[in-house]
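Residues annotated as compositional bias 'Basic and acidic residues' in TrEMBL: A:124-142. Annotation source TrEMBL lists compositional bias 'Acidic residues' at A:143-167. Annotation comment: TrEMBL describes A:185-204 as compositional bias 'Polar residues'. TrEMBL lists A:32-111, A:218-295 with the feature domain 'RRM'. The feature region 'Disordered' is assigned by TrEMBL to A:109-215.
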Amino acid sequence: MSLSHRLPPGAPAVDPYYVYAPRPDPQRHGVLTLFVAGLPDDVKPREIHNLFSHRPGFDHCLLEYTGRGNQAVAFVTFFTHEAALSAMTSLNGTIFDPETGDRLHIELAKSTSRRPRGGGEVYRVIDKRANKTEGNADHENVGDEGDEAAWGEDEDGGSDDNGDGGSDEPSGTENENSSDKNELSADQSDQPAHKQQNGQSPSNDGRDKSSSDIPPCSTLFIANLGHTCTEDELKEVLSKEPGFHVLKMRRRGGMPVAFADFTDIESSTAAMNSLQGTLLASSDNDGLHIEYARSKMRKS
DNA sequence: AGCACA
């Protein structure tokens with residue numbers, strides 16, 4: 001089975017919103033590591049870290065540039081099997097690069113990655129690529145430099161070493177985004193905190209338009225939730241965002257909506273940028289749609 | 001597109 005099927009941007013949809021259903025695979029039970037495919041070849045280890053390190057139970061991650069198929073894969077390890085599953089269901093299908101529309105394909109790895117030596121704190125990178133097509137040699141192989149030594153081949157009789165199996169990708173898909181920089185919507189919470197309340201000045205074009213026309217607010221309005229979304233599911237994601245206070249869910253007939261209150265506009269803005277489009281396990285659409293609320297949540 | 005609680 002091929003687990004990395006990238007679709008050309010104009011291709012007919014083959015169920016583009018499918019969420020990986022964790023099969024009852026006894027072999028994978030208890031594995032703490034996720035196998036992440038669908039990454040562009042110019043992905044940075046920092047991007048993987050930014051995307052996963054906010055998830056509860058995150059332990060460490062590894063990015064490998066496979067020499068084959070112009071693709072990179074990542075192995076992300078959590079402290080518990082449940083945390084790994086939770087991150088998988090919430091991040092699987094995430095659009096990693098809006099320009100190509102490529103989505104992450106995440107499944108449990110075949111075995112748990114070995115922890116970096118000494119409880120390491122830097123990214124682990126393995127680069128098997130011969131031709132660095134995009135001048136991509138800015139990353140350094142810190143820590144473990146052994147080519148095959150990273151994700152731990154325990155004793156599960158693995159016939160192959162990583163979750164990729166033998167199915168690599170025919171590089172027939174056109175992959176020409178050479179002129180444009182790709183953007184990752186994972187974590188851009190580093191914008192400078194300017195505390196001046198700017199209204200709707202037209203001189204402010206294209207800089208602060210995180211939300212459409214709603215002025216910034218420390219409370220966020222969250223829509224596009226699945227019918228089965230629970231408050232706990234949403235709270236689990238929100239609680240990792242700095243400054244998060246309280247969540248309230250309302251369901252007006254059909255689709256539930258939620259309000260999340262933060263300490264200030266800076267933290268609510270950062271959380272909105274970080275979580276925009278996040279796919280939950282209960283999501284059946286594009287993922288979370290987050291805006292500033294029209295009015296602040298009442299003080300508890 | 002869908003914005004409540006007081």
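Yeah, the Cβs are placed from backbone N, Cα and C, and that goes for glycine too.
Unlike curated entries, TrEMBL annotations are predicted automatically.
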Secondary structure composition of the domain 'RRM' (A:218-295) [DSSP: H/G/I, E/B, coil]: 19 helix, 24 strand, 35 coil
Helix, strand and coil totals (DSSP H, G, I; E, B; other) for the domain 'RRM' (A:32-111): 19 helix, 31 strand, 30 coil
Segment confidence, the domain 'RRM' (A:32-111), expressed as mean pLDDT: 91
